[in-house]
Amino acid sequence: MKLSIFFVLFFIAIAYCQPEFLDDEEDEVEETLPVAEEGREKSCITWRNSCMHNDKGCCFPWSCVCWSQTVSRNSSRKEKKCQCRLW
């Protein structure tokens, strides 16, 4: 029991005496995460012709949605479009 109290007080003392140590780690994580996600978003947000090859799990946690649309108003030709969406 005394040993567990010692360890609790020891860790509290470390966290209290060196808060900048914990803050530095959090800042590093915050700095690297947006860069990684931004790169992923740029490579993933593209129009697709199908949802078959969802490289790198680009749509996760969303889903790949496909639909057909006409090429122009006067045309009867339809084109299949796919995109990652929340719904």
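Just so it is clear, glycine is given a Cβ too, placed from its N, Cα and C backbone atoms.
According to Swiss-Prot, the disulfide bond annotation covers C44-C59 (among others).
Over all protein chains present, the Cβ of C64 (disulfide bond) has 17 other Cβ atoms lying within 10 Å. Feature annotation from Swiss-Prot assigns disulfide bond to C51-C64 (among others); the stated evidence is similarity to another entry.
Taken from Swiss-Prot, the feature disulfide bond covers C58-C84 (among others), and the record attributes it to similarity to another entry.
What Swiss-Prot records for C66-C82 (among others) is disulfide bond, and it gives similarity to another entry as the kind of evidence. In the shown protein chains, 18 other C-beta atoms lie within 10 A of the C-beta of C82 (disulfide bond).
Annotation source Swiss-Prot lists signal peptide at 1-17.
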What does DSSP call C82 (disulfide bond) in the simple three-state scheme? strand
Within 10 Å of the Cβ of C51 (disulfide bond), how many other Cβ atoms can be counted across all chains shown? 14
